[in-house]
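The Mg(2+) 1 binding site feature in Swiss-Prot is assigned to 328, 332; the stated evidence is similarity to another entry. The Mg(2+) 2 binding site feature in Swiss-Prot is assigned to 328, 332. As annotated by Swiss-Prot, motif 'DDXXD motif' applies to 328-332, with the evidence given as similarity to another entry. Annotation source Swiss-Prot lists Mg(2+) 3 binding site at 472, 476, 480.
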């Protein structure tokens, strides 16, 4: 048996390669080459049977029927399970038109309170989550019957249902959604108790619960997909009686997903080599200070912008992560105040100088790295956007370096700041804004000046950046206090008594509340339909926010990488696929 893929090969550079067809045996994967990831040609009409269509598509069968029958309600549970599976395995992009059709019909049935959705707790929770994430107006009040654990009759075997309720509760986007708040409280407690008591006998399910509870909003696509491939288990959906339908496609879908992941890995490894060459060309390897974040920057960038077709966007994001970190470290520790000012002056002038005019090798290397990278990206963006965006890119650098300067001045002069004064510039200095607004120039979408200067764009930047900034502050305030620098935690701790000085525990609690408020507002904006910003762009803001949770929820992974080193190894090791595993549809050990 073999899997037949329709391949559209996307190169690493801007040069295009013609399409071709290949057949890969299901258990004999090709050696990774410089070609991009597999892309299956999507030319199927939305069908009543998503499970069947997935089977047909990954086996190269095409239904060109013009008939688009209505989806029978009985198909909805299995179709929702298939959507969730495709998303968790990272191959949903190949079936987007089919997924959109199923969700449109699901929303119609949701409005009618169709019993096949509402009669089953797992199906209702999953439908709510998938619809809300896609921007459909669904009320959390429909989950009110499950808000109180006392009203839910749970058996030991109901862990899967509780997981779905827990995941649904994480999609709270309004402050007043008390149903989701209550739901989150008891489901998280219940799942933790199940872990502690050892009542989850299924080892894969046990690991899945651990993973969700550890840092749900910090689950990056790349890491989450790799975990899901390891923990893939068809029996996860047995409560919806969908397992029998899934079992026939289980091994094909898993083989297809692993093949796709391996192809993405091959492209990521090639791009990492390109990034390394850029790093050396910029002479950043000659800087004798700061954090070595090249691989970490690329890893985070590939987890935020994972689509193999978006190589330029991913590399732009990674380059900016590296550049902003190098300059941030220079402002913080390595450079003098005058040298730091000099970098800002040079960016404002935007002219190359003779080497002796820079004042130091470090200033020369940093400015020329920014200068050459921005000029190169501006040329590429001109092709993508059909207009010159260089002035925007330079403006973003001036804004960032100005925020660095403000922070440097406040630390050096020991200026007393209020929390609002600190946050007014620190949301820019966390670098999310410049990284995102530069990289989205390469998503294949035309972005007008009106869009980029809109209040929506500013708010997306601010809410997402504040989440990352405050998460960072909570993990680094001890170190920064020793270095006599300030952040939101130390500012609140040092507040005068008449302003309501509070304990460290109370400060952390207050900042977590601000983080949650901004995260919910960001999710609300990203999910909202009909706005000036395309959803594809808004998703980058949300995924960057997840990157902040990933890096700063349990330490400072960017400065002292621990978990990220394990995940990098896990994500860059090629997946293997064993015949026995395929035949069994996965095991539970």
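Indices start at 1 and increase along the chain as displayed.
Just so you know, glycine gets a Cβ as well, placed from its N, Cα and C.
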Per-state residue totals over the motif 'DDXXD motif' (328-332) - DSSP helix, strand, coil: 5 helix, 0 strand, 0 coil
Intrachain neighbours beyond the motif 'DDXXD motif' (328-332), with Cβ under 8 angstroms and 6 or more residues off its ends: 289-291, 339-340, 343, 362, 366, 404-405, 407-408, 429, 431, 483, 485
Beyond the site residues 472, 476, 480: chain residues whose C-beta lies within 8 Å of the centroid, for Mg(2+) 3: 473, 474, 475, 477, 479, 487, 556
For residue 472 (Mg(2+) 3 binding site), the number of other Cβ atoms found within 10 Å of its own Cβ: 21
Residue 328 (Mg(2+) 1 binding site) and residue 480 (Mg(2+) 3 binding site), distance between Cα atoms, whole Å: 14
Pairwise CA distance, residue 472 (Mg(2+) 3 binding site) versus residue 328 (Mg(2+) 1 binding site), rounded so that it is a whole Å: 14
Residue 476 (Mg(2+) 3 binding site) and residue 328 (Mg(2+) 1 binding site), Cα-Cα, nearest whole angstrom: 15
Pairwise Cα distance for residue 332 (Mg(2+) 1 binding site)/residue 476 (Mg(2+) 3 binding site) [Å, integer]: 13
Residue 332 (Mg(2+) 1 binding site), number of other Cβ atoms within 10 Å: 18
For the motif 'DDXXD motif' (328-332), mean pLDDT (0 to 100): 94
Neighbour tally for residue 476 (Mg(2+) 3 binding site), based on other Cβ positions within 10 Å of its Cβ: 19
